[in-house]
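Per Swiss-Prot, these features apply:
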{"type": "CARBOHYD", "residues": "195", "note": "N-linked glycosylation site"}
{"type": "TOPO_DOM", "residues": "1-9", "note": "topological domain 'Cytoplasmic'"}
{"type": "TOPO_DOM", "residues": "31-36", "note": "topological domain 'Vacuolar'"}
{"type": "TOPO_DOM", "residues": "58-67", "note": "topological domain 'Cytoplasmic'"}
{"type": "TOPO_DOM", "residues": "89-132", "note": "topological domain 'Vacuolar'"}
{"type": "TOPO_DOM", "residues": "154-163", "note": "topological domain 'Cytoplasmic'"}
{"type": "TOPO_DOM", "residues": "185-205", "note": "topological domain 'Vacuolar'"}
{"type": "TOPO_DOM", "residues": "227-248", "note": "topological domain 'Cytoplasmic'"}
{"type": "TOPO_DOM", "residues": "270-277", "note": "topological domain 'Vacuolar'"}
{"type": "TOPO_DOM", "residues": "299-306", "note": "topological domain 'Cytoplasmic'"}
{"type": "TOPO_DOM", "residues": "328-415", "note": "topological domain 'Vacuolar'"}
{"type": "TOPO_DOM", "residues": "437-458", "note": "topological domain 'Cytoplasmic'"}
{"type": "TRANSMEM", "residues": "10-30", "note": "transmembrane segment"}
{"type": "TRANSMEM", "residues": "37-57", "note": "transmembrane segment"}
{"type": "TRANSMEM", "residues": "68-88", "note": "transmembrane segment"}
{"type": "TRANSMEM", "residues": "133-153", "note": "transmembrane segment"}
{"type": "TRANSMEM", "residues": "164-184", "note": "transmembrane segment"}
{"type": "TRANSMEM", "residues": "206-226", "note": "transmembrane segment"}
{"type": "TRANSMEM", "residues": "249-269", "note": "transmembrane segment"}
{"type": "TRANSMEM", "residues": "278-298", "note": "transmembrane segment"}
{"type": "TRANSMEM", "residues": "307-327", "note": "transmembrane segment"}
{"type": "TRANSMEM", "residues": "416-436", "note": "transmembrane segment"}
């Protein structure tokens with residue numbers, strides 16, 4: 001188990017960095033007007049991967065072994081590396097020239113040169129200030145402790161236990177201190193204020209900008225609700241109908257289809273008409289309606305209902321997420337010397353909020369489900385389930401399946417419905433923030449004008 005945890009941590013670090021860099025590289029390769037299409041294409045890739053991954057993983061788990069869920073990453077990751085090296089030319093150099101330069105650098109390296117040429121004080125300053133080591137450590141530790149508190153609360157420990165309270169309080173305090181450090185202390189300790197590469201993890205000039213805060217809150221809230229829906233849509237079919245992991249994952253196909261359609265449509269509309277906020281609001285409205293419809297999904301729902309209610313969440317995220325990233329990038333002042341760095345920072349912050357919402361959505365959904373399920377089982381006085389943890393109850397249910405309309409089937413259905421109600425709340429808040437987002441849009445040049453990247457306030 002320890003090896004599994006360490007492996008997942010390493011994979012998560014790489015995966016989160018890949019997503020951010022894909023958007024940064026993709027968006028910088030084209031002009032601003034073509035950027036919506038690039039964002040749409042990348043979003044489609046991530047949306048398909050996010051759904052196809054669980055389906056393939058479920059098939060491996062059901063028919064082979066769960067270890068293949070990890071083995072399959074080796075050829076896929078290797079192919080991705082080869083494609084990247086052969087196609088991306090950061091310095092307009094071919095892959096062979098880059099390899100020759102790297103070999104030349106390594107062959108000419110000696111420890112004596114390193115010892116005399118490298119100033120270790122400057123090296124430490126680079127680690128601390130270029131990578132914002134302290135801000136990153138405080139932020140990461142705070143978020144991890146807070147999420148652990150939500151995970152353990154009501155499951156391994158009671159909510160009023162010292163362990164859970166300590167996790168939650170320390171997590172919040174560390175996260176707040178990371179903001180204080182980045183916003184107010186970083187510049188005071190910075191030994192090279194004029195060095196543009198010495199920047200905090202969260203730059204106050206950008207992060208504290210109301211338009212950027214609002215649009216990233218949209219991303220955070222919608223991703224929180226969406227991931228809760230995705231996780232417990234699969235759990236709905238596994239726990240209530242005893243579907244295998246593979247068959248339960250197949251029910252997510254409607255979301256893939258609608259998400260891809262909406263993402264492509266969003267990119268085309270933004271490129272042709274320059275619209276951003278209308279797409280945000282449209283996506284927010286679809287999200288609220290879709291989340292409301294998902295609360296109608298119970299153990300007595302028909303097959304058509306189970307498929308139909310999963311369509312709108314895909315449409316919602318397809319329209320809203322692309323527009324939110326585009327809106328965040330439009331807030332950059334392009335005539336500043338740091339505009340290129342600001343662009344990377346804003347894109348990375350938007351991706352961070354997306355990842356944070358996805359993570360928190362999974363944890364909060366599990367917390368709501370576990371608390372609801374445990375309380376309902378306790379009130380029902382079901383003898384086989386008394387005195388068991390939620391995980392043990394679920395295991396017993398799967399080993400002693402008694403149908404979807406049994407007492408425990410009804411309890412599971414009601415508990416999952418509570419998760420969907422929570423998701424509806426996040427979508428409603430997301431729609432509220434959509435309404436207050438920036439009105440900036442892309443300017444579409446007239447036919448007799450030279451296309452230029454520009455902004456316009458409406």
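Including glycine, each Cβ sits where the backbone N, Cα and C put it.
Of the two recorded stretches, the transmembrane segment (416-436) lies close to the transmembrane segment (278-298), with three or more CB pairs under 8 Å once pairs fewer than 6 apart in sequence are set aside.
Across 10-30, 206-226, 249-269, stretch 249-269 shows the highest tally of CB pairs under 8 A with the transmembrane segment (37-57). The Cβ neighbour count for residue 195 (N-linked glycosylation site), using a 10 Å radius and every protein chain shown, is 13. Shown for the topological domain 'Cytoplasmic' (154-163): DSSP residue counts in helix, strand and coil, namely 2 helix, 1 strand, 7 coil.
Counting residues per DSSP class in helix, strand and coil order gives 4 helix, 0 strand, 4 coil for the topological domain 'Cytoplasmic' (299-306). Residue 195 (N-linked glycosylation site) carries neither a helix nor a strand DSSP state and counts as coil.
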